[in-house]
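Marked as active site, proton donor/acceptor by TrEMBL: ASP89, LYS182. According to TrEMBL, the active site, schiff-base intermediate with acetaldehyde annotation covers LYS153.
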Amino acid sequence: MELNKYIDHTLLKPTASEKDIIKICNEAKEYHFASVCVNPCNVSLVRKELKGSDVKVCSVISFPFGTSSTEVKVEEAKKAIEDGAEEIDMVINVGKLLEGDLEYTQNEVSAVTKACHEKNVLLKVIVETCYLEEKNIADICAIIEKAGADFIKTSTGYGSRGASVEDIKLFKKYLKKDTKIKASGGVRIREDAETYIGLGCSRIGASSGIAIVTGK
């Protein structure tokens, strides 16, 4: 199985230097990964480094906690897109979902989806499954599909755990449309990636992309 185009090659550490960002861009170009995923402050640099390649520029939004207001998330997404982001990974306000404020969550996801789609940019919605019960997953799947977002994504990698097989099975159970799935958090070896892809994932978020595709 060719795994390279499933990989969002990711560097989100707060200590990442310009040299580190350039390095992952070069790696992504060499291995023809799907995208390079970085914090918003690094989007302009990534756009420059990936120019002319087949690798997309991806930015996280309200990362890793998702606690910015909806208005701030929209503006952060717009700025990242202006800087060159072709894909956005946005963290929801998990607390609002857990307390059952589905109207807030719907408005949030819909607003960011609109900002992205107006510029033909993909939106992946990070739901942080480590905190969610099955009912919450059912709710957020319905919200994402109503908003028309492109992907549901398991995790930030900063929660109590990353993706799990059970997460993906629940997504598949409750997604009724063609919303795609991204597994992230703790995916470090080829076997894990192949398992998630076999379950129906279209993307894998990982800082270990090279190890995943080479098996080394």
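Here the Cβ of each residue, glycine as well, is placed from N, Cα and C on the backbone.
Location within the structure of each feature annotated in TrEMBL.
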residue: ASP89; record: active site, proton donor/acceptor; DSSP (3 states): strand
residue: LYS153; record: active site, schiff-base intermediate with acetaldehyde; DSSP (3 states): strand
residue: LYS182; record: active site, proton donor/acceptor; DSSP (3 states): strand
Determine the Cβ neighbour count for ASP89 (active site, proton donor/acceptor): the number of other Cβ atoms within 10 Å of its Cβ.
-> 28
Which one of the active-site residues (LYS153, LYS182) has its C-beta surrounded by the most other C-beta atoms within 10 angstroms?
-> LYS153
Integer Å value for the Cα distance linking LYS153 (active site, schiff-base intermediate with acetaldehyde) with LYS182 (active site, proton donor/acceptor) is 5
In whole Å, note down how far the CA of LYS182 (active site, proton donor/acceptor) lies from the CA of ASP89 (active site, proton donor/acceptor).
-> 10
